[in-house]
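Asker: According to TrEMBL, the protein has these features:
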- HIS181: active site, nucleophile (ACT_SITE)
- HIS427: active site, proton donor/acceptor (ACT_SITE)
- LYS183, LYS429: substrate binding site (BINDING)
- 28-62: coiled coil (COILED)
- SER454: site 'Interaction with DNA' (SITE)
Amino acid sequence: MKKRTLQELYEEQEQINSSYMDVNSLQKQLYLENQKRLQKENEEKEEQLKNDGDEVKQVDEKINLCFPVGKFCLNHLSQYPKEEKQPHILSFINIIQENAFQDIQKEKPKITLEAALMTCYGFEDHLLKPLVLSGVKLFIINDNDNNDKKLEIIEEFNGHQNWTVIKPSKLSSITFGGSFHPKIWILKFPKFIRIVIGSQNLHVGDWTVWSQAMWIQDFQIGNSELDEISKDFKVGLKEFLDNILPNSHKFEDLLKIKYNDYDFQNINIRLITSIPGRFTGNQMNKYGMMRIQSVINSELKSNNIDIPKQVSITYQTTSIGQLDINYIDFVQQCCSGQQIKVTQKLQQNNKSIAQMLFNQQEEEKSILKLIYPTSDYIQNQTSAGPEYANPLFLRKQQYENPKFPKNIFYRYQGSNYYYWHAGNIPHLKVMIITGLDEKIDDKASIYIGSHNLSQAAWGRLEKNATQLFISNTELGVLYPPKKDSAKLKQSIIEQMSFKFPPDKYEKTDQPWISEVYYEQQI
């Protein structure tokens, strides 16, 4: 692809802006429609009160949920053709509608969303203001970028009574340098809640330029008997939400819901959380990479599937932390589901943690493939260009370190299944765990969420592998090993915005490093 002139880049940006302005104009129309609806409802209520005081009989209505079972979705980018619509590709406006699949441009549906809690690592007023103007009670939980890192609660944000921004405290020594990085939405509709977990932030670019991956499911009022997987999700999600919010602002109070009233059935994933702290004993298995190990191990056993000696891990990431051979071994061991043990003999021999954990023969080694865009891809193949590559992060000094594992890099390329993914810029974070043949079968696992490949996000072992240290707050979901799950996982792979299996870096390929690019522009 030829390099664009500044004028061409300007025109492309104008197209992106125009695309979003169309969306914004539509939300204004929806707002006016919503005001009419509210006025009509108030009139109907007043008329009802004028009638006799007899008890009103409520008739249960069957609720048609868009996501009765968790669904993998991508966001709709400006570069995608309007005439090509897929049910797994949704816009910001579609997701916040009760019927997420209707044609909003043609049908102009009423806004029934009552309240929304959204966590993020940055947001823009321009994206969210139409939602607030529609009367939705909005609660944004954002990373704390204040110098003092103290808890900050901003009521009536920007003068809007129904908009609150909360920045969780980072005063402890553990969290001070860590990132608040989860992306979860809880959308409250009149008869159900919608939960969205993925990589999506709340900038305009997150919904026009950068590819995102999400898991979405709707939950209505009910009290079905839950299986162990559904119970685990329900309990784990509440623990996570209680952990990230201050005691003065519990999520149930903000959204005016009773969490236990909702029916958390049909869960097809396992929740993967990271919270800042140092964990020992059984607590280690609740968070980060050790949670991955624990879930895969338990699912393999419960489904009578042998624990593999080797796995192939394909990790598509947009930010890369400190990596070395020891940490890669740790990731590989966890993703295989093998129990991590430290033997007394090895301790006496004073071996390193990596040697204690991974005393494997060379032929038994697992494989890690790290998908990350090349500099050429960003400069010459993307639709938006280098000016929009800010979600990608790799330090020059880090990459040039002799101990940095450069041999694990693989190219980020658009998927072969849908041509319009060509040239997209990623912000999704995906981990695909298979056998060495990279076949998507019942044993395969797929992770999507907010975790980049870093020790801060996933945690690192300390004190001879008896303690797990995590500094970030993260959230994602794992499609684990399970019988009769291959078809679902294969469909997810085909819906991804990037190519799998990936192609290895050529000798001349260099990863995208923004500081290198801008040094060359001087």
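Using N, Cα and C of the backbone, Cβ positions are placed for all residues, glycine too.
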Asker: Roughly how many Å separate the Cα of SER454 (site 'Interaction with DNA') from that of LYS429 (substrate binding site), to the nearest whole number?
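Answerer: So the Cα of LYS429 (substrate binding site) lies 12 Å away from that of SER454 (site 'Interaction with DNA').
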Asker: Rounded to the nearest Å, what's the C-alpha distance separating LYS429 (substrate binding site) and the residue listed as 'active site, nucleophile'? Just drop the number here, would you?
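Answerer: Distance between the two Cα atoms comes out at 12 Å.
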Asker: Measure from the CA atom of HIS427 (active site, proton donor/acceptor) to the CA atom of LYS183 (substrate binding site) and give the result in Å, rounded to a whole number.
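Answerer: Cα-Cα distance, LYS183 (substrate binding site) to HIS427 (active site, proton donor/acceptor): 12 Å.
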Asker: Please average pLDDT over the coiled coil (28-62) for the predicted structure.
Answerer: 52
Asker: Roughly how many Å lie between the Cα atoms of HIS181 (active site, nucleophile) and HIS427 (active site, proton donor/acceptor), rounded to a whole value?
Answerer: 13
